[in-house]
Amino acid sequence: MVKICCIGAGYVGGPTMAVIALKCPDIEVVVVDISKPRIEAWNSDTLPIYEPGLDDVVKQCRGKNLFFSTDVEKHVAEADIIFVSVNTPTKTRGLGAGKAADLTYWESAARMIADVSKSDKIVVEKSTVPVKTAEAIEKILTHNSKGINYQILSNPEFLAEGTAIEDLFKPDRVLIGGRETPEGRKAVQALKDVYAHWVPEDRILTTNLWSAELSKLAANAFLAQRISSVNAISALCEATGANVSEVAYAVGKDTRIGPKFLNASVGFGGSCFQKDTGDTRETPAIDVCKGLLGDKAQISIYDPQVTEDQIQRDLAMNKFDWDHPMHLQPTSPTAVKQVSCVWDAYEATKGAHGLCILTEWDEFKTLDYQKIFDNMQKPAFVFDGRNIIDPEKLREIGFIVYSIGKPLDAWLKDMPAVA
């Protein structure tokens, strides 16, 4: 039986390994992490991350050929293929602070692999990393090899939150980069054989190491540029009376451009490439809340998938601290006194002057906005940062509505501009 070990039980490692275990019953898959609470959560009925379909996949495989463990060294030593899916947060100090990726955890993982390995290994780079990281990791492993052979592969993830399981079941492509040597090609083939259990061969692309690493970063950059472009257009729409949804639809009909990633919003968040949904890392909601707190606002927050502890952490921590492992984050961030967290949208909006919609959960589209309006102070404002509500229907109820990239409410047109 081929044995796979994944170091890092996070947003990428957990779902990816669960799907591999489901699709490859002849392969033993172990996800390891030094965080005991995180591993306990993966072994419980309440998984540490929210992703539609993930619960079912984990429950089908867990205890059969999918395992979650804190015994990192044991499972690394036993594995044939090791996926490294550790955090690569933005550096908070030193050269490149605020810009460069912090590869401390990657390097630690490589040194640990070299220390405990007693047989040849294929080491797969799954984290989003700068180009040439594989070469640096290769040097660490070979200089501490004790006669063991290592092959480094790059296998970047292209998951979108909210559709990660579907993306893994039916990927646009699986990209595997390796050394262009006989040993490198053999390692690429070994990983290709894993994905070939369910991915059509024409969707499994093989390249050299550097092309795979750069392809991931280039894809992220292209997608970020599209979102940033349509967000810039949304400002023009507001100034001219155009509707950004209509503009984006018309532009997206051009086959050279296409309709994907043309939804204007309050911004994008996330880690490697900034995304939307249950992952709160660098979500623009944090920036909006901090701006309101700076203006001495009292904030009541409702999010169906984010705990009160996580919300308070996000608002209390410094930028980029969030992406370091939990045990290295501030142990008990001070709760922000002007923030209360509730578990009901109606409770959150009771007595409020304004309502900000900052995440596109489906339930927000079907709320009883008449009931919300009746319980808010007047004039009652709605700021729709995700364009999920019909502004005209809300205006009929009596709301003053601001939607990203939509013609301004007549009441707002007379407001002084704020830089």
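Using N, Cα and C of the backbone, Cβ positions are placed for all residues, glycine too.
Of all the Cβ atoms in the protein chains shown, 24 others lie within 10 Å of the Cβ of Tyr11 (NAD(+) binding site). Per TrEMBL, the feature NAD(+) binding site maps to 8-13, Asp33, Arg38, 86-90, 127-128, Glu161, 272-275, Arg281.
Here TrEMBL flags 267-391 as domain 'UDP-glucose/GDP-mannose dehydrogenase C-terminal'.
According to TrEMBL, the feature active site, nucleophile maps to Cys272.
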Within 10 Å of each Cβ, count the other Cβ atoms and name the one among the binding-site residues Asp33, Glu161 with the highest count. Asp33
Among all protein chains shown, how many Cβ atoms are found within 10 Å of the Cβ of Asn87 (NAD(+) binding site), not counting that one? 22
